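Feature annotations, courtesy of Swiss-Prot:
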{"type": "REPEAT", "residues": "62-95", "note": "repeat 'TPR 1'"}
{"type": "REPEAT", "residues": "112-145", "note": "repeat 'TPR 2'"}
{"type": "REPEAT", "residues": "269-302", "note": "repeat 'TPR 3'"}
{"type": "REPEAT", "residues": "303-336", "note": "repeat 'TPR 4'"}
{"type": "REPEAT", "residues": "351-384", "note": "repeat 'TPR 5'"}
{"type": "REPEAT", "residues": "385-418", "note": "repeat 'TPR 6'"}
{"type": "REPEAT", "residues": "461-494", "note": "repeat 'TPR 7'"}
{"type": "REPEAT", "residues": "603-636", "note": "repeat 'TPR 8'"}
{"type": "REPEAT", "residues": "710-744", "note": "repeat 'TPR 9'"}
{"type": "SIGNAL", "residues": "1-23", "note": "signal peptide"}
Amino acid sequence: MRKFTLNIFTLSLGLAVMPMVEAAPTAQQQLLEQVRLGEATHREDLVQQSLYRLELIDPNNPDVVAARFRSLLRQGDIDGAQKQLDRLSQLAPSSNAYKSSRTTMLLSTPDGRQALQQARLQATTGHAEEAVASYNKLFNGAPPEGDIAVEYWSTVAKIPARRGEAINQLKRINADAPGNTGLQNNLALLLFSSDRRDEGFAVLEQMAKSNAGREGASKIWYGQIKDMPVSDASVSALKKYLSIFSDGDSVAAAQSQLAEQQKQLADPAFRARAQGLAAVDSGMAGKAIPELQQAVRANPKDSEALGALGQAYSQKGDRANAVANLEKALALDPHSSNNDKWNSLLKVNRYWLAIQQGDAALKANNPDRAERLFQQARNVDNTDSYAVLGLGDVAMARKDYPAAERYYQQTLRMDSGNTNAVRGLANIYRQQSPEKAEAFIASLSASQRRSIDDIERSLQNDRLAQQAEALENQGKWAQAAALQRQRLALDPGSVWITYRLSQDLWQAGQRSQADTLMRNLAQQKSNDPEQVYAYGLYLSGHDQDRAALAHINSLPRAQWNSNIQELVNRLQSDQVLETANRLRESGKEAEAEAMLRQQPPSTRIDLTLADWAQQRRDYTAARAAYQNVLTREPANADAILGLTEVDIAAGDKAAARSQLAKLPATDNASLNTQRRVALAQAQLGDTAAAQRTFNKLIPQAKSQPPSMESAMVLRDGAKFEAQAGDPTQALETYKDAMVASGVTTTRPQDNDTFTRLTRNDEKDDWLKRGVRSDAADLYRQQDLNVTLEHDYWGSSGTGGYSDLKAHTTMLQVDAPYSDGRMFFRSDFVNMNVGSFSTNADGKWDDNWGTCTLQDCSGNRSQSDSGASVAVGWRNDVWSWDIGTTPMGFNVVDVVGGISYSDDIGPLGYTVNAHRRPISSSLLAFGGQKDSPSNTGKKWGGVRADGVGLSLSYDKGEANGVWASLSGDQLTGKNVEDNWRVRWMTGYYYKVINQNNRRVTIGLNNMIWHYDKDLSGYSLGQGGYYSPQEYLSFAIPVMWRERTENWSWELGASGSWSHSRTKTMPRYPLMNLIPTDWQEEAARQSNDGGSSQGFGYTARALLERRVTSNWFVGTAIDIQQAKDYAPSHFLLYVRYSAAGWQGDMDLPPQPLIPYADW
């Protein structure tokens, strides 16, 4: 372990010192540098000494062999040089050393020397590109080292496009082989000519260190500084020069010049003049102007200072002052050597002064003056394009687009790089059509297109915006969002593109991403009123009014614009109305109205009050509120339509038509207004007019982005289509309504998807909830269903007449018809009441038939079976059916019923008339036949003919009440007539009241009265429970729930009941009794009495969706009460032809035996 630690330390130390080791030059590198130095300075002794040592240290180094090769070649030893070249080819055939040496060897041949001479001739005659091509051909891509390399790159430097490359190569050669004065001389001149003065002086300073180059460096250096204008900079430059060079003619001249300049600069006026002139030459107008102004003040007739001042103003862009000073300079010294320069500058500044003044006039909306100035500029210089451009801008200001187009085109012919002309033409063509503008832009060069990149982006943005809007109208939100992203890339940070993108993402279901985009925008542009307004709209549009107001209030009120103020007013009004609506929904409508009436007069509030009055059928108050609106706004469509709807509700169709006719004719009516018109037309019976309105309105709503308005149009349009007899089209319209209301972002394409979307959602608003519910109701109304069910039930009793075991097999087919559903029903019923117990003689004397008068004998077992059929139809208002009791029973009758349902506000009611069988026993339901040993007569088959009224009150809140009152005449074959009145009522409280789960507890009460007690089974009796007094109270508890594919109900109740019966004759119809037995029959009776006690019920019902088309279910219930204890068990299967993936029924809805309707 210790050894390992030491090794790690050693390795770390080695790695740490490695860079320092590599940084230090090796002996070989130092000797090779001495070789190159000796070659550059033509010191062969230094070359030989270095090569001798190198060949001892590293004889096979390609660079060493190449150096020996060059040495031999310089000595004229061609054979020796060739041997070294051959050796180098073996050592490093791919090295630069070998390639360079091979080229050098070639140059020693006659052909090589001739080719080199030709290249040099081309270079000296000014054919630099041809010379470089010849060099490249000769060198084959590998220039030799030394003077030939300097010669090659000096020639390359004569090609302007490659000058920088050549300078860098010459600097490299100078660094590798310092001391080549010819190279340094040439390199310095190239650097100065390329305005790389500091680098040039650095080369000269290097050159001055050698005796061979010092004099040349001094001359070049002095030549670069001697003509500098007198200034501190020129003095500094001379001092720097004299610090490096100490002798020679240039030094003497520099010393004299330095003394003179120092003397001149001691004069403040001269110093200011000199510094100003120097600053002008350096392009430093800001520094030059105050210096030259001082000089001119000292000598107002100094034409050179005036001219320089004019030049300085020109550099600064101050055309007016430039013109004034240049004119003075020319007037003072018409023959100055600077006149040509001053005249040129004067012309330029007069031209641009006129252009500037023309632009200013155009900006001041004075096109006539602008035109004169641009024309004046054109007269000064008719070769420049900007005067013509200005005339084009004047034509644009006058909206003379043909003239503007001509001027801009002329501008481009004069100067294809004039981007303003390109922009002007692009704007003209954009006004004509986007396509023409895009075609023009496509014809431009790359540089011209770059100059109007913003216009091209804007055109692309407009095109993408149109495409996105088309996709939004089709409900293709994700695709629209992709285009909005492209728009945002063209215009990053755009408030309204970000808003549109966020809206599309929200509609596409990507709500988190949409929220993030808007939040980021708010952070980036926190003080931008447009951002605040857009984010406020976004939040309020997604039911976040309070958040919208909070965001708006983060902006100082002084920065609010009219849009923000209008939005705030609307949101505050919404909050007031929201509070009022909550009060109203909680049953405090009077308080809600009082609160609204305390608000400032508002059309919106008056319309709300009118709507509330209309809903509670207070038509007088509704009319008054609508009239208040019309007093302020006589053409208010909402108020006119409101009065129309009030008149329709009041049944005054003539007044309604009169109101509808007052509606202002306009092509700009909102979708909601048109929807209400169509509904009014339909309610007035103008079906054709309503059809035309909806036919025009529905396509408009489909083309709109999702909104409450378009969703309501499509919802009501679908209802109208269904009512008009086109339910198939109505279902298609409901699919569009789902998209418009935000139920889904994609229109459903199949029944499973469509019906799955009808499932309730706790997060839905009232509109989504209504669209789902209405679509589900119509779909199920149009579906074909087949249900097969088997029900077993029974109750214990006496064998032969009341020990009942019953089986009912039901088959029902439901199909759409008109606006309701028709059905066909068949029940196969088997009832078995057991067998009589016999005495030793095989007879029985039970209280059945006439057995108490004469012992009966014969068939002990009592049962019967038969099949009933029925047809019927029902919708939301009417329901009727007609059918039979089971055919095959002893007594068969036609039965049925009819009912009508409606509501009065929150109170629902149903009235009905009916003829129904009493099915609680075989005797009451199907009749029995007295023993053949006695009378053999049939009796029973009791039917209830009567009417009923049912009431219910349930506003969807926690409490509900129901009640039922009915009266019936009870008759049967050979049964004493009877009648009954029944009252039932109940209250329930919803402990849990959710869409898919409900738990209730309640209190029920029943009061029954039968005229006679005919519960016996003797001949003439009815065999049905018929107390003269019956009172019961029950406390039911119910749990109902559904999931995606299950639905169930579990219920139980505890009850207390009291009943009383009168003593009744056992044989109430003496005409049925043989004469010999009548005396005994008259003496017999069924004793009356009273009883009371407790009971219970338990019920479980379960249904499962197996597939979209198949459903199965089962149920069981157990009842135990005084004098009544039936129990049931059933199984059923239901088939849906169209398939159903919507909500499961809650609770499940098995078939009810037709006899129990």
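Quick reminder: no glycine exception, Cβ is built from N, Cα and C everywhere.
Sequence-remote contacts of a segment are chain residues at least 6 beyond its ends whose Cβ falls under 8 Å from one of its Cβ atoms, and for the repeat 'TPR 9' (710-744) they are 475, 507, 671-672, 674-675, 678-679, 682, 687, 690-691, 694, 697-698, 700-702, 704, 754, 757, 764, 767-768, 770-772, 774-775, 778-779, 781-782, 816, 819. On the 0 to 100 pLDDT scale, the repeat 'TPR 4' (303-336) averages 88 in the predicted structure. Applying DSSP to the repeat 'TPR 2' (112-145) sorts its residues as follows: 25 helix, 0 strand, 9 coil.
Same-chain residues lying 6+ beyond the ends of the repeat 'TPR 1' (62-95) with a Cβ under 8 Å from its Cβ atoms: 28, 32, 35, 39, 44, 47-48, 51, 54-55, 101-102, 104-105, 108, 145-146.
Long-range contacts of the repeat 'TPR 2' (112-145) within its own chain (CB-CB distance under 8 A, at least 6 residues past either end) are made by residues 36, 70, 96, 99-106, 151-153, 155-156, 158-159, 177. Sequence-distant contacts of the repeat 'TPR 5' (351-384) (same chain, at least 6 residues past either end, Cβ-Cβ under 8 Å): 319-320, 322-323, 390-391, 393-394, 397-398, 414-415. In terms of DSSP secondary structure, the repeat 'TPR 7' (461-494) contains 27 helix, 0 strand, 7 coil. Within the repeat 'TPR 4' (303-336), the DSSP-based counts of helix, strand and coil residues read 28 helix, 0 strand, 6 coil.
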